[in-house]
Amino acid sequence: MADSLKTSHIYRVDLGNRSYDIHIEPGCLKGLGPALNQLLGKPARCMIISNVTVAPLYMATVRSSLEQAGWQVSECILADGERYKNLDSFGQIMDALMQARLSRNEPVIALGGGVVGDMTGFAASCYRRGIPFVQVPTTVLAQVDSSVGGKTAINHPHGKNMIGAFYQPKLVWIDPEVLRTLDCREVRAGIAEAIKYGLIRDAAFFTWMQENMQAALALDPAVISTMIHTCCRHKAEVVMGDETEQGARALLNLGHTFGHAIEAMTHYTEYLHGEAVALGTLLAARLSEQAGFAPQGTETAVTDCFRQAGLPLAIPAFDAAMWLDAMGHDKKNIGSRIRYILLHEIGNAFIADDIPADAIEQLIQSYQRPAEPVHT
Ligand SMILES: NC(=O)c1ccc[n+]([C@@H]2O[C@H](COP(=O)([O-])OP(=O)(O)OC[C@H]3O[C@@H](n4cnc5c(N)ncnc54)[C@H](O)[C@@H]3O)[C@@H](O)[C@H]2O)c1
Ligand SMILES: O=C(O)C(=O)C[C@@H](O)[C@H](O)[C@H](O)COP(=O)(O)O
Ligand SMILES: [Zn+2]
């Protein structure tokens with residue numbers, strides 16, 4: 001963890017002709033213009049895609065950095081929220097790109113959280129069959145996870161991220177200082193995805209997260225920096241090993257089989273993605289123990305960590321049949337077989353594809369409170 005003393009970090013995501021840098025540096029937002037020139041050569045037109053919350057905070061800084069570097073900038077401002085990660089917003093981006101007549105070599109810049117990033121990336125992959133895109137993530141979640149790795153998508157009422165593409169950015173430009181304006185609930189949700197890396201592949205980082213939780217929640221610069229670069233390093237390593245999720249990348253889906261089902265069953269309105277992932281991880285931890293894969297105490301350790309992070313711990317009450325139906329849309333499934341990411345222990349996850357439906361029914365029932373005694 002000695003790296004945390006440095007303020008600037010660059011990781012290379014090595015993917016042949018789709019390789020790119022992840023640049024992490026406090027205050028770097030105002031340096032995006034020169035960086036884009038270095039990356040793409042002679043400045044031309046570009047479009048910044050953001051939303052109604054983030055644009056008033058950071059559009060001016062990014063725009064002026066780009067304009068000073070010679071770029072002609074247009075904007076597309078979307079509605080804010082997971083429920084707008086849909087075909088309508090995708091259409092809005094397409095309309096803006098058509099109107100601006102961006103050509104094939106001219107980039108779009110995603111300025112926002114994971115919702116803006118996922119939608120911008122997907123639009124970039126489709127418009128003229130692919131234009132360059134740059135991720136400028138502004139949430140904890142986007143800085144530790146979604147801006148890296150090239151999963152781009154929009155939601156469908158039946159399932160999360162069901163319409164999308166693998167499409168890598170040309171650059172990920174991370175300024176941790178922008179997190180200062182983030183709502184506390186959003187910080188907690190982002191921390192859920194950071195804890196995930198500890199759970200799936202780095203037990204020491206899980207312990208470090210527990211030890212530094214209060215500082216992370218308070219956005220202590222050194223702790224946040226270490227957290228972001230540790231997560232980016234893990235994500236880059238996983239993606240470099242399995243860019244299109246043929247195998248081990250699926251481990252990044254810990255908590256997501258159940259979590260995505262929670263998001264879809266609640267119409268993308270009740271839980272933040274990170275909150276749903278935390279709840280999904282609790283279910284995965286209990287299932288891991290119940291099925292005998294993980295030692296007793298694993299669920300408690302996970303629960304304690306999420307409690308420290310101030311994340312929700314109550315599993316929403318839906319029938320097992322509803323869970324199974326919602327999880328039936330998961331992209332990891334093979335035919336009708338639902339695949340789960342489970343734990344052998346903290347720091348060691350695996351893909352389980354032979355969990356019978358009755359084990360899931362039992363798991364769901366284990367959260368249902370016994371009926372209140374009838375008083376006569
Ligand atoms: N592509 C991937 O690999 C990947 C990984 C994880 C999550 N995701 C996706 O990311 C999405 C969740 O991302 P998220 O948690 O960033 O949510 P989000 O994009 O909705 O952002 C959270 C909220 O914070 C606001 N916001 C953003 N930056 C801000 C700032 N600096 N100051 C103040 N407010 C700010 C946003 O407007 C929004 O209201 C989900 O759709 C999820 O599916 C994708
Ligand atoms: O990058 C990945 O791979 C992940 O699974 C990261 C997840 O945190 C993220 O939510 C991702 O969008 C989920 O992928 P999906 O394929 O299940 O939609
Ligand atoms: Zn996620």
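In case you wondered, yes, glycine gets a Cβ from its N, Cα and C as well.
Listed in TrEMBL for this protein:
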DOMAIN    76-188  domain '3-dehydroquinate synthase N-terminal'
BINDING   80-85, 114-118, 138-139, Lys151, Lys160  NAD(+) binding site
DOMAIN    190-333  domain '3-dehydroquinate synthase C-terminal'
BINDING   Glu193, His256, His273  Zn(2+) binding site
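Feature annotations (TrEMBL) mapped to structure.
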| residue | record | Cβ contacts under 8 Å, 6 or more apart |
| --- | --- | --- |
| Asp80 | NAD(+) binding site | Asn51, Val52, Thr53, Val54, Val115 |
| Tyr84 | NAD(+) binding site | Leu78, Val115 |
| Gly114 | NAD(+) binding site | Pro137, Thr139, Leu141, Ala142, Asp145, Ser146, Ser147, His273 |
| Val116 | NAD(+) binding site | Ile49, Ser50, Asn51, Val54, Leu78, Ala110 |
| Asp118 | NAD(+) binding site | Lys85, Ser146, Lys151, Thr152, Ala153, Ile154, Asn161, Gly164 |
| Lys160 | NAD(+) binding site | Ala153, His260, Glu263, Ala264 |
| Glu193 | Zn(2+) binding site | Leu141, Val144, Asp145, Cys231, Gly274, Val277 |
| His256 | Zn(2+) binding site | Val277, Gly280, Asp330, Ile341 |
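Only His256, of the binding-site residues Asp80, Glu82, Asp118, His256, place a Cβ under 6 Å from an atom of ligand 2. Apart from the site residues Glu193, His256, His273, the chain places the Cβ of Leu141, Asp145, Ala192, Lys196, Gly255, Gly259, Gly274, Ala276, Val277, Gly280 no farther than 8 Å from the centroid of the site's Cβ atoms, the recorded Zn(2+) location.
Lys160 (NAD(+) binding site) falls within a strand segment according to DSSP. In the structure as shown, the Cβ atom of Glu82 (NAD(+) binding site) sits within 10 Å of 20 other Cβ atoms. By the rule that a residue counts when its Cβ sits under 6 Å from some atom of ligand 1, the binding-site residues Tyr84, Gly114, His256, His273 yield Gly114, His273.
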